[in-house]
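Quick look at what TrEMBL lists:
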- A:12-29: transmembrane segment (TRANSMEM)
- A:36-58: transmembrane segment (TRANSMEM)
- A:64-82: transmembrane segment (TRANSMEM)
- A:94-120: transmembrane segment (TRANSMEM)
- A:126-146: transmembrane segment (TRANSMEM)
- A:184-201: transmembrane segment (TRANSMEM)
- A:221-241: transmembrane segment (TRANSMEM)
Amino acid sequence: MATLDIELPRMALLYGLCLLPWLLLWLIGLRLSRDIVVGVLRMSIQLALVGIYLKMLFELNQPWLNGLWILVMLLVADLSILRRAGLKARYFTLATFIAIAFSILLSTAYLVILVIQPAHFYDARYIVPLAGMILGNCLQGNVIALERFYSALRKNENEYATFLMLGATRWEAVRPYFRDAVKAAINPTIAGMATMGLVSLPGMMTGQILGGSEPWIAVKYQIAIMICIFAGTTMASILNLRLSLNIAFNAFDVLRDEVIKKP
Amino acid sequence: MSPIIQFDRVSVTAHEKTILVDISFALFAGEKAALCGKSGSGKSSVLRTLLGLHTIKSGAVYFQQQRLTASTIQAIRSCTAYIGQEPILGAESVRDALLLPFQFKAHRQYRPTEARLIEALQRLQLPADILNQESSRISGGEKQRVALARGLLLGKKLYLLDEVTSALDAESRQAVFDVFSDPDLTVLSVAHDPAWLELCGIVLELEAGRLTLVKRNGNA
């Protein structure tokens, strides 16, 4: 059972649906035409490019090319995490890369090699979308973890110093903020698992059903991806924070000013 | 006898601003000293420098003749109690606040008994039932004395007090001072309060990050 293609004329019809919200927004006095056009155009071009790229990736299906694609995704995610967390890439790029690469590769490998077991473990059809989904969620978690941790430390500078004065090591003194940051990072994933299927049908499952999969298979894959996201996010945020501790403090356990971007 | 604290021509900058210039002084075991001067003159920075919270630009700080470096800072901090104007207790209840440092590896084996907690509180004229109160509900003066009691429980020898007496009434202030009249304990404080300055043997006056006057009262 193949999915029905959407031919070009009907694709144009689809864009026509945008006119309805555009008209409504215009009627209530919201002049968003420019933003809407930019948004729709960017989405279309970016996805078209990904489409071309993925088609090529799937046709060639070369292990090194698939690996390179994952490497590029990891690097983009790395820099994006640091920028959004307000940390200077100059100091943390390597630490964040190690943390996300280790966690993503481990959870993707676990899923593909041990659980799904395709004929070739490097099969682009499996590793590219799965690693991408895990990474996308992991990115959110790492932004939250780093941002929470370093803003809590700066906000509670005196409390942190008090812990040090009371004989705590750096690790003992940061532990309360460390725990809070990890909790904030993984909470959305845990809450997402708890409501999965009740509030909305998860995207990957919907896609697989549309693609012609048995609902049962789609359900199993959805469970698999959620467990991998949970494992990947938890490992990556803990590892990332832990590695950053060696960079963000001076030898006197004081947070270095220069590693954090000025707001 | 060698000094317990020695500042040798110390200059400190923080956030590209000079905060201490060429500070030299020495404090011997058992001495009680007060730093005074206008706000922003660098009084608290002297205390923070000793605790390794500022980076020393030039000069050196010695603690029991050991130079303050990354490798000695833990030892210095472990001998020192710092109590600020609004001390941070760092726990929900007063009992947990007093026991907080004993969760850390450095003190884990010295966890005090209930009787020792009460004794430490009483030395600072705090009632035993304060133990069960929430840290957020006690007054500023009580917080300061709880923080002092925590220092006593840790057996600290050097007390850095940042405007501690500002929140205390005369009676509590006397109680605090009586505790520190112990010749084993050394005090370096920041104070405005004339009554406290009177009680200190040494007064160090700061102006714009420089030490302008050292006065020995000769009664300590």
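Including glycine, each Cβ sits where the backbone N, Cα and C put it.
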Quiz prompt | Range from A:36-58, A:94-120, A:126-146, A:221-241 with the greatest count of C-beta pairs under 8 A to the transmembrane segment (A:64-82) | solution = A:126-146
Quiz item: With the transmembrane segment (A:126-146) as the reference, which stretch in A:94-120, A:184-201, A:221-241 has the largest tally of C-beta pairs below 8 Å?
Solution: A:221-241
Quiz prompt | Long-range Cβ neighbours of the transmembrane segment (A:94-120) (under 8 Å; 6 or more residues past either end) | solution = 61, 63, 70, 74-75, 77-78, 81-82, 126-127, 130-131, 134-135, 138-139, 142, 224-225, 228, 231-233, 235-237, 239-240, 243-244, 246-247
